[in-house]
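J.: The structure is given below, and queries will be raised subsequently.
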Amino acid sequence: MKYYRNQDSYWWADADDPFLWRESLPFVRVGLAELIIMTLVSLVLAVIAGWFWWPLAVPFVLVAALVAWFFRNPRRKVPETIGTVVSPADGKLVEIVEVDDPIIGAAVRFGIFLSVFNVHANRIAMPGRVVRVRYRPGKFLNALRSESTKENENIDVELECPEIGGRIVRIRQITGQFARRIVCWARVGDVLQRGEMFGMIKLGSRTELVIPRDEALEIVAQVGEKVCAGSTVFARYQQG
């Protein structure tokens, strides 16, 4: 429990969090347990293997380095301009489509594919108040397949965003073929800022962002672009 901000029925505010200092580490906090255990095991095996013949230690050292790389949490420069929509995930932007959403209405959906080499922390696209967090059980299809959006296990986080008149923005965390663990600590009533971390998907997967479509919306991102959570600008709502 100590490795998590929220886990099971335990939760505390930042002011009461005895482990808040872990937010300053260069690694994602919710991955510290795996990071410590897997790195230590890999390094111990490297020492043992190296005792017999040093080249045998190389694969274990590489595994330790890969684990540390996977759970890294680089600092991001978050745009402050009102109306700016930033990427909720690192990876490759594989989809920009217009959709009719049952809650948002006329909308634009952005799909981001995360490989095992990307940072897997999820960040808020626009500041707002969380109005719904919904979990759906499902399959574990390859995240590159279009049907994974609806059929795979996922979590929706919906925010009411004052910068666009209180309309809803949705971020969906989707599991993949190998990524079968979603972490989300956003709670209904939380007020989250643009670029603020709210969760993580462990191993390769997919993240989607759905925003309202209107005449004031200018999309600046392009399909195929490599994006960074919290800093890459997807779109802007012109203020006027």
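Cβ atoms are placed via backbone N, Cα and C, with glycine included.
From Swiss-Prot, here are the annotated features:
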- S205: pyruvic acid (Ser) (MOD_RES)
- S205: active site, schiff-base intermediate with substrate (ACT_SITE)
J.: Determine, from DSSP, whether S205 (pyruvic acid (Ser)) sits in helix, strand or coil.
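T.: For S205 (pyruvic acid (Ser)) - judged by DSSP and reduced to three states - the answer is strand.
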J.: State the count of C-beta atoms found within 10 angstroms of the C-beta of S205 (pyruvic acid (Ser)), not counting that atom itself.
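T.: I get 32 for this one.
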